[in-house]
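See below for the structure under consideration.
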Ligand SMILES: *Cc1c(COP(=O)(O)O)cnc(C)c1O
């Protein structure tokens, strides 16, 4: 049973760079005390440290630019599914990143923030005609083709629009990673991508190259998520470049390669410290330059798609403590601390058994720590916010902060039990503002047409 680490301001800590204790002992984000945020905006609320998020985005962009300058350059696409709002899309664009979308909603959010279509990619294993049409209309950077039937779907829409669609092919290379290791399997049993092993990927490449309505510009691979080591990425890069070399042998020149996202973060002290963006970029660039030296092919322009590693550590969730219950368990006493949100604002513990930590945020509490489980208010026993954390004696009304909730928290949020989804407050230089307002019961009733 571990207690949460205190904020340190370091990029490898679990708190964002601008979280600190005030003199009175409460947490503050970029100089704004959490009691002020709770007072103004209520709880639960997601608090986003704008400068921290932008610094992480910038670090990826700078690292990739530097590592790939001797080759053909690089792009960084922020994976919007991790968390997207207009403000976030604008910040990413200002920091020099592009945006990845995987639905009409994500695409429209980035466009409505003023991001040009030429800086937005479209993903998805089951794209609608409307999504493909919108991507073509806005001049999207590329559409990542994920199946053989999609080739004719995109071509049909491009022909009707009198344009050529820029496409990537998503490869299933057999490299899978997550956590500390990666595995290479010959066969794939998952919904994404076209298999290199079975030849489906090569078939897609040949068909696209032969289709005048399509322009084959790139190959794509995404090997997993929450990856804390670089070797799986290098392995996948080699597999993608081998396919590119095969295509070159067929007379098909492919100028771009996208190596996906999945760069891991620390959720608790128990997680390994992931390599810095510079290290990931160095490993990727080494794999690419080695491959082009061996094959004599021109270097491709390389892109990556980090989501979690940019936004997860930049955001915390602030809850108010309600009911506290001491329970006897086979492994000893456990204190259940209930908060005013739960699986509707962070599904990851229920979905993946994900581990988080928590600190009492409104004051420094003295006293003996107890083994606690932080739970939500939903009608589900798996509605857990933090499985196991040492907390000092706390009381109803205290504020609890859970760090590293920026990715797949709000974006996977739901209205389970008809809870309104929390808003997102961004803080910078002592000022806070709502970038996504809290839902209200009225919002939900407005959908209910009786
Ligand atoms: C989910 C996903 C990403 C982002 O993954 P993170 O773990 O958030 O970095 C990038 N690319 C694709 C294709 C994805 O599916």
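Glycine residues also receive a Cβ, built from the backbone N, Cα and C atoms like all the rest.
TrEMBL entries are annotated by machine, without manual review.
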### Query
Per TrEMBL, which one of 168, 356, 408 shares the pyridoxal 5'-phosphate site with 262, 305, 306, 307, 308?
408
### Query
Relative to the Cα of residue 348 (substrate binding site), which of the recorded positions 305, 308, 379, 408 have a Cα no more than 10 Å away?
408
### pyridoxal 5'-phosphate site shell beyond 262, 305, 306, 307, 308, 408, criterion: Cβ within 8 Å of Cβ centroid
79, 81, 82, 225, 261, 263, 309, 310, 407
### Whole-number mean of pLDDT values that fall within the domain 'Orn/DAP/Arg decarboxylase 2 N-terminal' (51-312)
95
### Close-lying recorded positions around ligand 1 among 305, 379, 380, where CB distance stays under 6 Å
305
### Neighbour count (Cβ, 10 Å) for residue 348 (substrate binding site)
21
### Query
Could you state the CA-to-CA distance between residue 308 (pyridoxal 5'-phosphate binding site) and residue 380 (substrate binding site) to the nearest Å?
27
